[in-house]
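Undergrad: First, the structure itself, so that you have it in front of you.
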Amino acid sequence: MDILKQRIAEQGVILSNQTLQLDALLNHQVDPKLIMEIGQEFARRFKEERITKVLTIESSGITVAFATALELGVPLVFARRKKTLTTDGEVWCERVPSFTKGIVTDILISKNVLSSQDRVLLIDDIIANGDAARGLIRILERAEAELAGVGVVVEKSFQAGARLIREMGYRFESIVAIKSLEGGAVQFESQ
Ligand code: G4P
Ligand code: NA
Ligand code: NA
């Protein structure tokens, strides 16, 4: 998606060789039209997969996951970080480290919103080491829900997350993949 590459090149801020701040278009401010186009693209790629639910994790994955779920005509479930949990029902919980925040958090999904009948599309904004995504995948496995595939807006292909998920045998799709942030420039994979 050339428009997304252009926006990342114009509005992304390289914070280090590993980290690209995208607050102007994904993580703080969002362009609803662009997000809707990305959701339509994910829906197009996964439309034959008999998806019953889209799953993401709060907070920045929610906009794109919502756009995808709207287009597919299925519910969106967003996993919560522990501190915001208010449900008193039973929950699935996995502990994951966070690359950017340097902390460990618990991610939770109520057992009321996920079942063994579900065929799930996992959507997220950015994948680095994939700890959050793999935590969500462990919950799906414990819930005996089926994972139809994973879609992320930005894959940092110089980090391990996307590769690890593909190696687990799951379908993995990204809208754009960044192969390097070195030398103060964003270099994209040709996709
Ligand atoms: P990982 O799962 O791929 O290993 O990433 P990790 O959980 O360590 O990432 C923690 C958060 O940092 C995630 O957002 C992830 O999207 C974000 N992140 C990782 N690398 C980058 C990067 O280069 N740029 C930006 N902008 N974000 C990055 P989160 O904790 O779910 O926070 P939120 O944004 O959803 O609130
Ligand atoms: Na994020
Ligand atoms: Na995220």
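The backbone N, Cα and C atoms fix where each Cβ goes, glycine too.
Remember, TrEMBL labels are computer predictions, not curated facts.
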Undergrad: Need a hand: TrEMBL gives Asn27, Lys156 for xanthine, which of Leu20, Leu34 is also on that list?
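TA: Given Asn27, Lys156 bind xanthine in TrEMBL, the matching entry from Leu20, Leu34 is Leu20.
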Undergrad: Tally the residues of the domain 'Phosphoribosyltransferase' (33-157) by DSSP class, grouping H, G and I as helix, E and B as strand, and everything else as coil.
TA: 47 helix, 45 strand, 33 coil
Undergrad: For Asn27 (xanthine binding site), what is the secondary structure by DSSP, using just helix, strand and coil?
TA: helix
Undergrad: Quick one: of the binding-site residues Ala128, Gly130, Ala132, which has its CA closest to the CA of Lys156 (xanthine binding site)?
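TA: The smallest Cα gap between Lys156 (xanthine binding site) and any of the binding-site residues is with Ala128.
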